[in-house]
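Below is one structure; the comments refer to it alone.
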Ligand code: FPP
């Protein structure tokens, strides 16, 4: 997001999401289709990530959550895990100045402790250095799994009940959501998943209760501002009823 003029995604409808979540999928298939190692797919994916952040901010959408590393991704071959975590560390260290210039506030959700001290420090520094950003709130989900997040919230509240600090009858959805890693953030209105897969894969399950789901066959490294615009146009055409009848 430099001073250079940008092509703005221009949705046909005035209805715009406040919060988009993206499941960035297809890096491996993108690389395989080119006879390249998977690591090259992840690198190209990181470039697409930068484009998506820029395009989201340009569109005036204030919240973006990216699924960059799931709790299940630890089960990939050790070499690929090393490459992915190395790429994330590189991003956290080298893109921060640009994020600050662009008014992007970065937060990490997920089990950051699993990445070890070096990455943990890079995360903390990135969060601290970008804390003044007001243009785009960017959440990067790392070692994230929605069921574990919901379970941790349930455990914390069970503990509070056991200690007499919480009346179970007084517990409501609002209170429950304050125990999630997204406490205080708006729920996503739109979840995008690339690469043709049509599932949520343990991403923001509680938070996405009323989100519109948008699936595209585009592989993540190919995702660009035009693809984001298409998703926003589709979002603008959806009728969101939240369980009520059409008005
Ligand atoms: C899914 O593709 C993608 C991932 C597991 C990692 C996502 C990481 C990035 C987009 C790059 C780094 C991100 C940042 C924030 C710098 P896959 O490997 O599952 O692809 P496949 O399904 O085709 O094998």
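Glycine is treated like the rest: Cβ placed from N, Cα and C.
Keep in mind that TrEMBL annotations are predicted by a computer and have not been checked by a curator.
Feature list (source: TrEMBL):
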- 25: active site (ACT_SITE)
- 73: active site, proton acceptor (ACT_SITE)
- 25, 212: Mg(2+) binding site (BINDING)
- 26-30, 38, 42, 70-72, 74, 76, 193, 199-201: substrate binding site (BINDING)
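On the structure: features taken from TrEMBL.
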residue	record	DSSP class
25	active site	coil
30	substrate binding site	helix
42	substrate binding site	helix
71	substrate binding site	helix
200	substrate binding site	coil
212	Mg(2+) binding site	strand
Ask   = For the binding-site residues 30, 74, which one has its C-beta crowded by the most other C-beta atoms within 10 angstroms?
value = 30
Query = Can you list which of the binding-site residues 71, 74, 193, 200 have their Cβ under 6 Å from some atom of ligand 1?
reply = none
Request  = Identify which of the binding-site residues 26, 28 has its Cβ surrounded by the largest number of other Cβ atoms within 10 Å, counting every protein chain shown.
outcome  = 26
Request  = Work out how many Å separate residue 200 (substrate binding site) and residue 73 (active site, proton acceptor) at their Cα atoms, rounded off.
outcome  = 15
Which same-chain residues, if any, lie at least 6 apart from residue 212 (Mg(2+) binding site) yet have Cβ under 8 Å of it = 17, 189, 190, 191, 234, 235, 238, 240
Request  = Can you grab the distance from residue 25 (active site) over to residue 193 (substrate binding site)? Cα atoms, rounded to a whole Å.
outcome  = 7
Query = Near residue 193 (substrate binding site), which residues of its own chain have a C-beta under 8 A away, given they sit six or more steps off in sequence?
reply = 22, 23, 25, 199, 200, 213, 214, 215, 216
Query = About how far apart, in whole Å, are the alpha carbons (Cα) of residue 28 (substrate binding site) and the residue listed as 'active site, proton acceptor'?
reply = 13
